[in-house]
Structures are given as structure tokens and as C-alpha cells.
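The following features are taken from TrEMBL:
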- S79, V80, G81, G82, T83, G84, K85, T86: ATP binding site (BINDING)
- 6-26: transmembrane segment (TRANSMEM)
- 38-57: transmembrane segment (TRANSMEM)
Amino acid sequence: MANTDFYTICNLAAITSLRNAIMTLIEKAWYQGHKIAWLLLPLSGLFYLLSSIRRLLFKLGVKQSYHPQIPVIVVGNISVGGTGKTPFTIWLVEQLKQAGYKPAIVTRGYGNTLSAYPHVVKNNDAAQLVGDEPKLLAENCQVPVVIAPKRIDAAKTAKALGCNVVISDDGLQHYALQRDIEIILLDAKRGLGNGWLLPAGPLREGKWRLSSTKFVLYNCGANLPEDCLLEEQRSQALMISADEPRNMLEPELSYDKSASCNAVCAIGNPQRFYNSLAQCDIQIGDSKEFIDHHQFTEADFHFTHQRPVIMTEKDAVKCRHFAKQHFWFLPIEAKVNPIFKNNLINQLTELKTKYDI
């Protein structure tokens, strides 16, 4: 049995190492000008052609779309990788609740293993069942989070539950669900990379898409807006601040910063997590990175040196069933310029009249 466990760990380590090497090469192509991007450019041309045809078919009404007749807010990005959608969505829900709205979040629930849809996330649903992001959103927002492969079905369910605003999580390119407001998030540091479409570049849609909405936010992470944005962009800054680490078994414990940690993450932009740890004056002794939405096992947490393990809150919801005393997670919070908030609420007020809600 011990040999089996050893070989399993070795195989997982080899797969993870290969996966990380591939992702590193892709990142170099997208953000550092590696020549392999040129080899992928013909595929980007095909991607552009197919996505343009699809978008046109929706615009002409050849492909059917649906509107639930309550305001629909889409939160998304035009690039792959983490741009802060989850903490921003949590912030957005709180602002809507304070303004008197009853929002619901609709999502496809990447990584879920559900057998029936639509599904409204329940308190006792495991992250392995519904997906890490839906679980985290449901716990933090305390509003209906509806999962369905077709967002239309999820939106219909949200309306039937009595909600009067739909937030479509990561739904920018899902044109089957009509929308009233689009909020596009960008990484202020990475920007648009080489500016090419997938797979030669990181873009799902071209730069032109940014001019199609007045709600664009630049995720500065822990940096000040003046350190990473032009003056005219600073009112569109999305700030992500980290709180103190929380123990997964005993939340009341305080983290001892005198010792370094083993950092583990499975998110779209690992560097942002490392920056958050640095913001909290936490030293990293060793680290492991996995692809976004990775389903963790205990084997993923084997380190040569025993130290406190710190992970993201999104990853922590997947590790509760085997959490140890030395497992911690790092809570984060989004902060947005009041000007952005006021503009958003003002537009929602107009939609409130339009849909008579």
C-alpha cells in the first residue's frame, strides 16, 4: 500500500511538472514575446473567423437569445486567466443588496459534477459537487447561485425565485443571454499581452470589445492606482486587498508571521496570490501551482519541509474534507472607486423603471 501511495504521488508530481512547464511556455508566448506564438497564429485566425460568425448569428437573430425582463449584469473579461472576477462579484452583490435589490448569480459552474440542472447551490453542497467558485460565491454572498450549462435556464430560475437582478458570472462571450450592463475586468499589469486572440495570444475577443461598454475595471491587485494606471484610468481601478490568514480548522487562531509558509494555489494568476502574501508580510518557503479549478487531493500538499500551508479562499473550499491543523487560507476583498459604483447604480435605477421592478 505504501508503494502504491509513493508511485501515485510521483505520477501526480510528474503530471503537475509537465503541466506547469506547458503553462510557463504559453505565458512566455502571450506576455514575453516567445516565438512559439507565431506558430499558433493560423489557429488564432480560425478562432477569429468562427467567433465572429457566431457573434454575427446572434446579432442577426439566426441564433436565438433570451432576456428575463429583469436587469442582467454580465461580469467577464476578454482575456483568459484571473482578473479578479470572484472578489469583484462578491463586492457587486453587496452593493446591490445595500441598494435594495435582490440579486442572483448565474453561472455554468466550471468543474461541477451535478446530474440535474438548473441547480441552486445549497449550504451543504460540497465544492466537488458544485464547483469551487459557485460554492465560494454562495457562502460569501448569501444570495441564490444558480448553476446550469445554459445560462438562459439559470436566469429563468433566478427570476422564478423572486430575484430582480441577474449577475452572469464570466458570461461576457455567452451571447445567448441578453444583457443590459457589461462589466469587463482587465489585469492592470498584464494588460492584453501580445494582443492576439487564442491560442497565439490570451484574448477571447479583440481589444475593440473594450469600447463596447462604459464599465471597464483595471485590477491593480495590491498596488495603488497611481503605480499601475494612467491618470485617466484611475477612477476605473479595482483594488484587491488581503486580510490576515485564517486557520481552516480553528478560525480564531492568529497566524505567526515569523515563520515562512508553503504556498499552494490553483487559480488563473498565481503571481497575484504571491503578491497578496507579500502584502501581508508573509514569507514563502516553497510553493506549488496547479491549473485553475484543480481538484485537490492530500498528495498535493506533500512538501519536503513542514511549514504552515496557505492557500486561496477559492482553493480552501475544496480542501475542507482533509484539512489539517497547519492549513490556512488568505481572504481577499475587492474595493472599487465610488464613481464607478455611483454610475452603476444610476444605470440600474433607469433599468428599474424600464422593467418595472
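Quick reminder: no glycine exception, Cβ is built from N, Cα and C everywhere.
Automatic prediction, not curation, is the source of TrEMBL annotations.
Annotated features taken from TrEMBL, shown on the structure.
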{"residue": "S79", "record": "ATP binding site", "contacts (Cβ under 8 Å, 6+ apart)": "L186, D187, R190, L192, G193, P202, L203, R204"}
{"residue": "V80", "record": "ATP binding site", "contacts (Cβ under 8 Å, 6+ apart)": "L198, P202, R204, G268"}
{"residue": "G81", "record": "ATP binding site", "contacts (Cβ under 8 Å, 6+ apart)": "D187, R190, P202, G268, N269"}
{"residue": "G82", "record": "ATP binding site", "contacts (Cβ under 8 Å, 6+ apart)": "D187, I267, G268, N269, R272, D292"}
{"residue": "T83", "record": "ATP binding site", "contacts (Cβ under 8 Å, 6+ apart)": "N77, L185, L186, D187, N219, G268, N269"}
{"residue": "G84", "record": "ATP binding site", "contacts (Cβ under 8 Å, 6+ apart)": "L185, D187, N219, G221, L238, I240, R272, A334"}
{"residue": "K85", "record": "ATP binding site", "contacts (Cβ under 8 Å, 6+ apart)": "V75, G76, N77, D169, D170, L185"}
{"residue": "T86", "record": "ATP binding site", "contacts (Cβ under 8 Å, 6+ apart)": "E133, L136, L137, K314"}
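Outside the transmembrane segment (38-57), and at least 6 residues removed from its termini, the chain residues within Cβ reach (under 8 Å) are 29, 63, 173, 175, 196-201, 204-206. Cβ atoms within 8 Å of the centroid of the Cβ atoms of S79, V80, G81, G82, T83, G84, K85, T86 (the ATP site) belong to the same-chain residues N77, L185, D187, N219, G268, N269, site residues excluded.
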